[in-house]
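The [4Fe-4S] cluster 1 binding site feature in Swiss-Prot is assigned to CYS110, CYS115, CYS121, SER357; the stated evidence is sequence analysis. The [4Fe-4S] cluster 2 binding site annotation in Swiss-Prot covers CYS141, CYS145, CYS148. Look at Swiss-Prot and you will find 25-34 tagged as compositional bias 'Polar residues'. Look at Swiss-Prot and you will find 126-346 tagged as domain 'Radical SAM core', backed by sequence analysis. Feature annotation from Swiss-Prot assigns region 'Disordered' to 25-44.
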Amino acid sequence: MHGRRHLAASLTRALIQAPSRSISSTPSLLQTLDPSVPSPPAAGAGRLAELRRRLQADAPSLGDFTYSVEVGTRQRPLPKPKWMKETVPGGAKYAAIKAKLRELKLHTVCEEARCPNLGECWSGGETGTATATIMILGDTCTRGCRFCNVKTSRTPPPPDPDEPSNVAQAIASWGLEYIVITSVDRDDLPDQGSGHFAETVQKLKALKPEMLIEALVPDFRGDPSCVEKVATSGLHVFAHNIETVEELQRNVRDYRANFKQSIDVLEMAKEYAPPGTLTKTSIMLGCGETPDQVIRTMEKVRAADVDVITFGQYMRPSKRHMPVSEYVTPEAFEKYRALGVEMGFRYVASGPMVRSSYKAGEFYIKAMIEAERAKGTAADSSA
């Protein structure tokens, strides 16, 4: 534990461009005092007049006020450091995938969340293997997390009953070996959309039995029956993101989400899913967390027997969303990766541009799944 405290201290030194966390000034109720109210004693009248003058001079505009309520600060956005430069999307594979998605009326979290890796993943990047994360259950979420760019509504359109078949058709036409399926939250549906999710996985498995499937799911409000339905649908990786450290959950996520509920979902998935199924979660950095908080959160996630964890830099989608608190250095990301391996996570992806569905980790996860399959085959043979 002493070593981890030392690591936390070194991580703090590795972080750069962290703005001060001062709270913006707000106008005082003294400005609205009724003139008929008797004045204070003469001795304090001068100080009160000066206070009123200073408050009025420093009073924020309406825009400043709404901004401070929205994000808790009046500071200007931080400039992006050199390591956060993005690649412009392009290439033949990128165009082909985009055209196919439009044709089949499918949505990807890559586009909806404005993922910085969209161009690399869709075009194939260094490996030449194009990857996309399909988003099912529509493109409108019933929740409003402060970091997310997906549009929201209390009453989104009903799910498309043909979507599971369309997803299977799209994936088959791409010839992929590993696919990630995710979804918006659907608190408006009786089963939170878990049945639709499970059906999509099952149709994919029927069409391509050898395909490796990762499902990045919402919390289903912690409903065990919903978690079980998806965990037993035939997937290989059950992923659910805790998004941020325990202490910042209410600041970052929708009020219906919380740390304990997410940990419970990951634990239930491990219990319900067949042996060899991996569980996975992701944490954004740069939301105002401290290294100590990150380490404590990692310990609790590992205690839930989660196999894979990823770390990436939070990037503000628009001015309507919470601001970036700090840009975490690549060196700090590497220290979190090393610590995760030391803690016993089977795989850790950690870097400024890493996202929970980023393809760089899928090759390692694929190898882990195939190793589990080999174990199962060997066990069956010996029996």
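Each Cβ is built from the backbone N, Cα and C atoms, and glycine gets one as well.
Overlay of Swiss-Prot feature records on the structure.
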| residue | record | Cβ neighbours (10 Å) |
| --- | --- | --- |
| CYS141 | [4Fe-4S] cluster 2 binding site | 23 |
| CYS145 | [4Fe-4S] cluster 2 binding site | 20 |
| CYS148 | [4Fe-4S] cluster 2 binding site | 22 |
**OP:** Identify all same-chain residues not among CYS141, CYS145, CYS148 whose C-beta atom falls within 8 angstroms of the centroid of the [4Fe-4S] cluster 2 site's C-beta atoms; report them in sequence order.
**Re:** ARG143, GLY144, PHE147, ASN149, VAL150, THR152, VAL184, ASP185, ASP254
**OP:** Translate the DSSP assignment of CYS141 ([4Fe-4S] cluster 2 binding site) into the three-state scheme.
**Re:** strand
